[in-house]
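A.B. asks: Take this structure, written in structure tokens, and hold onto it; I'll ask about it next.
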Amino acid sequence: MKNLPDVTEQLRLLRENYAQQLPAKLAQVEDAFRQRDDLIELPNLRHLAHSLAGSGATFGYPALSVAARQLETLVDAALCDGRPLTPKESDSAAQLIETLAREARNPMVPAPAPILPASNVLETERKLIYLVEDDASLATDLSLQLGHFGYIVKIFETPTQLLETPVDPLLAAVLMDIVFPQGDLAGPEAIIQLSVARQLRTPVIFFSSRNDLTARLAAARAGGATYMVKPIDVGALIARLDNLVTDLPPEPYRVLIVDDNAPLASHHAVTLQSVGISTDIVTDPMKILAHLDDFKPDLVLMDMYMPGCTGAELAAVIRQLDNYVLVPIVYLSTETDTDRRLIAMQLGADDFLTKPITPEHLVSAVSTRLRRYRVLRSHIEQDSLTGLLNHAAAKDRLATETARAMRQQSCFCLAALDLDHFKNVNDTYGHLIGDGVLKNLAELLKRRLRRTDIVGRIGGEEFVVILPDTDTQQALHLMNELREAFSLVRQRASSDLTFTTTFSCGIAEYRLGANANDIHRLADQALYQAKLAGRNRVMLADSDEWREDDD
Amino acid sequence: MVVKSLERILYVEDEPDIRAVARLALEAVGGFNVCICDSGKAALDAVQAFSPDLILLDVMMPGMDGPSTLSALRQLPDLKETPIVFMTAKVQSAEVTRYRQQGAIDVIAKPFDPMTLSTTVRDIWNRHRG
């Protein structure tokens with residue numbers, strides 16, 4: 001049965017195909033009808049009618065089948081007697097052919113409104129959730145909770161309601177209860193029906209107060225992606241949804257190509273782009289620093305011999321930068337002398353690729369290193385609890401962002417966040433529950449912020465958010481939205497006890513000439529002001545502070 | 001007695017549209033192993049290599065029609081007993097009786113519903129074997 005959604009789709013295609021061919025077939029019928037007095041040609045009309053009669057209803061045209069059958073019978077009677085159609089029969093036949101034409105425009109299953117192929121919908125927009133739950137208060141509560149994490153929830157009270165609604169092309173997932181007044185397994189049964197009847201391509205999460213094997217089996221048979229037992233842990237549900245609704249495709253790998261030979265550099269760039277790697281080219285090695293900061297490469301591919309400095313020297317310079325101690329550096333070179341290669345490696349390169357190199361070899365050598373680098377970097381940079389950047393990595397990014405803003409004369413804001421009375425949470429509910437709160441905040445920040453925003457956990461309950469190309473008013477508005485959303489998130493302490501918590505936030509905007517430490521200090525001061533003013537609020541850094549600072 | 005389950009179906013049909021939808025109905029929905037022929041003659045060529053458990057025959061086809069294909073199939077050594085079902089629009093009882101006399105075990109009405117064709121075929125098979 002697993003093929004059913006696929007069958008529905010194929011069937012739709014066959015129907016479309018049949019519908020497209022119908023006008024031509026009807027033209028053949030009319031043509032044959034015009035030649036009805038020729039007894040040699042008359043069987044052709046019978047055959048055409050027979051064919052329409054036997055296929056119409058299969059492809060959604062039952063009335064067409066009926067009319068074609070009458071036409072076939074009528075012609076068949078004349079043929080059996082070995083005579084042409086009488087004038088009266090001809091009139092009837094003409095009327096039946098008109099009916100055919102009318103019914104051909106009128107398929108029984110109203111041709112399902114063209115469903116947008118999933119690829120037409122931006123992945124980031126796919127956050128619509130269908131929630132099927134007969135307990136209205138639970139439904140409303142879940143809907144609100146999910147809303148805080150950027151999901152739009154449409155509630156259905158019964159599985160029947162769900163079945164009667166056309167599936168929205170933006171649908172990302174279905175949350176389905178198991179037990180309804182309509183039946184102890186009404187939820188999974190409806191999902192099976194939906195899969196049969198329509199194209200349900202989205203994952204389904206079942207939840208229930210039932211925890212028995214029968215219910216779990218029913219959910220599994222209906223193709224459920226996850227089974228959760230009530231009461232629902234919203235944090236766990238969000239984490240699962242985020243996994244299922246993969247609306248954040250992995251960031252493409254970035255390779256910086258350093259080569260004074262521009263055509264050759266472009267050639268390598270095109271080769272790498274063909275497998276989805278994004279590239280940036282530096283033809284003047286003296287300009288590499290700016291490219292490093294702006295492009296933040298995952299790997300540097302460089303020519304060994306260039307004017308101004310050698311590749312080996314350049315590698316040594318890259319290694320002096322804290323952020324790039326780890327980045328793989330790969331030489332492209334005609335160098336085959338092992339000693340010279342060794343020296344270059346000692347100066348910080350990771351590998352040699354010998355020119356000329358085939359595109360396949362280049363892609364393969366680069367891809368392997370890129371994958372390893374990303375994994376390695378994530379281990380080093382991520383906070384293990386929340387998956388956000390850790391303290392050191394967040395500070396690095398802040399430094400990079402400051403340098404970039406200075407060079408490009410752009411703006412950015414830094415928001416410093418701190419959970420309110422977090423010690424109380426830990427003391428009251430225990431550290432595990434406290435960790436849950438931290439994870440929930442991290443999830444919320446990740447979900448609600450742009451990909452270009454940088455989020456880090458820099459201490460126990462302290463977080464920072466770097467908002468590139470954002471001014472203070474935008475940042476204030478955004479952080480206030482997040483603060484309100486978070487204050488409404490129900491944190492689960494136990495199966496029957498929930499609580500809410502809040503954070504305070506201070507925002508500082510980059511000003512020309514400031515360094516990373518200045519900005520961080522000002523954001524922290526604003527955060528302190530927010531705490532003093534009663535917590536659960538967002539404060540902007542005092543612009544006077546900047547003036548004092550300038551003096 | 002253990003009833004052999006229905007797995008291999010040979011379908012003979014001259015209409016390309018119906019062939020496509022029948023393949024979908026029997027293979028994807030029903031899970032059968034299906035061989036589809038566009039004429040009685042093609043069926044005679046393919047049938048021994050495919051060795052079907054059951055044959056579905058369209059009644060009205062140009063050239064060899066369903067009944068003559070059935071007779072020709074019965075001449076082949078391994079096909080004396082293979083159950084054959086006619087697919088036809090004419091399902092009045094007199095005609096069904098006549099088709100039965102010609103050697104069909106049952107008749108399936110056309111046009112058929114692609115979502116239920118497999119169930120119909122399986123029911124016929126179980127009645128016939130049971």
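Residue 1 is the first one shown; counting continues down the chain.
Every residue gets a Cβ built from N, Cα and C, even glycine.
Taken from TrEMBL, the feature domain 'HPt' applies to A:7-114. Under the heading phosphohistidine, TrEMBL lists A:His50. The domain 'Response regulatory' annotation in TrEMBL covers A:128-245, A:254-370. Look at TrEMBL and you will find A:Asp177, A:Asp303 tagged as 4-aspartylphosphate. Annotation comment: TrEMBL describes A:410-543 as domain 'GGDEF'.
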A.B. asks: So what's the average pLDDT for the domain 'Response regulatory' (A:128-245)?
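C.D. replies: Computed over the domain 'Response regulatory' (A:128-245), the mean pLDDT is 85 on the 0 to 100 scale.
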A.B. asks: For A:His50 (phosphohistidine), write down the residues of its own chain that are at least 6 apart in sequence and whose Cβ falls under 8 Å from its Cβ; none is a fine answer.
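C.D. replies: Residues satisfying the criterion: A:Ala68, A:Glu72.
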A.B. asks: Quick one: DSSP breakdown of the domain 'Response regulatory' (A:128-245) into helix, strand and coil?
C.D. replies: 51 helix, 28 strand, 39 coil
A.B. asks: Secondary structure at A:Asp303 (4-aspartylphosphate) (DSSP, helix/strand/coil)?
C.D. replies: strand
A.B. asks: Which number gives the other C-beta atoms within 10 angstroms of the C-beta of A:Asp303 (4-aspartylphosphate), all protein chains shown included?
C.D. replies: 23
A.B. asks: Roughly how many Å separate the Cα of A:Asp177 (4-aspartylphosphate) from that of A:Asp303 (4-aspartylphosphate), to the nearest whole number?
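C.D. replies: Spelling it out, the Cα of A:Asp177 (4-aspartylphosphate) and the Cα of A:Asp303 (4-aspartylphosphate) are 60 Å apart.
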A.B. asks: Test of understanding: give the count of other CB atoms lying within 10 angstroms of the CB of A:Asp177 (4-aspartylphosphate).
C.D. replies: 24
